[in-house]
């Protein structure tokens with residue numbers, strides 16, 4: 001699929017479906033297949049010696065899973081709870097069913113950009129592999145952890161789970177609300193009724209709550225003939241990404257984001273699930289006169305990608321920066337972000353994790 005076509009489809013996903021309505025029969029088939037897949041895999045799911053908490057979503061695209069995982073690992077560590085992380089490792093050079101546990105020699109090409117970023121920011125044990133069950137088993141053979149956090153994997157039902165945290169992009173929410181390929185959803189929104197937490201990344205509470213109320217009305221109508229199955233989606237918890245500085249990829253020098261004009265002319269580059277969010281972060285400094293360049297999520301950057309930006313500073317995401325380290329120059333800067341979680345949520349999350357851990361001891 002060409003980049004232009006992919007962008008055109010994505011625009012329809014987050015507006016009115018338009019011509020994509022022609023694919024509605026495929027969306028119905030996708031929903032049916034998803035139902036049977038979930039039912040089949042759940043019956044044969046694998047449990048482990050420690051609890052598993054899924055951190056995922058029901059929509060395609062960036063919802064902030066990586067900064068969320070990082071924040072949760074730190075929050076658990078402050079409570080004396082050791083977490084390990086398993087991830088798919090998109091873009092990693094892994095053979096089928098191969099699992100790799102990250103170490104100091106890991107590179108983005110070996111293990112994927114997101115797992116490497118999690119490892120660098122937290123220092124926790126991270127195992128990557130397309131088979132998350134095998135990843136958990138490998139992790140537990142070599143490391144003692146109290147709980148495993150799965151970066152994504154909500155639809156990987158072979159992986160037994162004790163708790164689930166669903167992430168929602170507070171600006172895009174559920175897009176047009178339709179399943180693939182008409183919309184961006186991997187599962188029907190009523191799936192959110194079975195998760196433990198609904199964490200909203202950014203956006204306004206008014207906008208998100210309005211969408212959630214509409215969702216509840218749709219779910220209630222669909223399940224009106226099955227009153228015993230009527231559940232409510234968990235109350236949303238709102239979190240915000242915070243960016244305060246830039247870091248030079250070659251030297252480690254830091255610069256406050258509010259002083260970004262000191263870079264002179266610069267371009268912004270992003271190869272993430274939702275590049276617009278990153279560009280808006282930079283625009284929040286009041287600077288708007290810079291060019292933006294979007295690449296597909298998990299894009300494998302090379303030095304050739306940056307030759308067109310001679311004589312300009314290059315500002316990128318931290319996720320992209322871990323892939324550019326081998327050819328870093330003084331012109332390259334990245335913006336680390338931290339997810340600021342409400343203290344009430346952190347307390348509840350850690351308490352629920354501790355409660356489940358007790359059941360395994």
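In case you wondered, yes, glycine gets a Cβ from its N, Cα and C as well.
Features reported for this protein in Swiss-Prot:
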type	residues	note
BINDING	59, 60, 61, 62, 63, 64, 65, 66	ATP binding site
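Positions of the features from Swiss-Prot, shown on the structure.
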residue	record	Cβ contacts under 8 Å, 6 or more apart
59	ATP binding site	168, 169, 172, 174, 175, 184, 185, 186
60	ATP binding site	13, 180, 184, 185, 186, 273
61	ATP binding site	10, 169, 172, 184, 273, 274, 297
62	ATP binding site	169, 272, 273, 274, 277, 297
63	ATP binding site	57, 167, 168, 169, 201, 273, 274
64	ATP binding site	167, 169, 201, 202, 241, 339
65	ATP binding site	55, 56, 57, 114, 151, 152, 167
66	ATP binding site	114, 117, 118, 151, 319
Quick check: with 59, 60, 61, 62, 63, 64, 65, 66 left out, which same-chain residues have Cβ atoms within 8 Å of the centroid of the ATP site Cβ atoms?
57, 167, 169, 273, 274
Local backbone state of residue 59 (ATP binding site), from DSSP in three classes:
strand
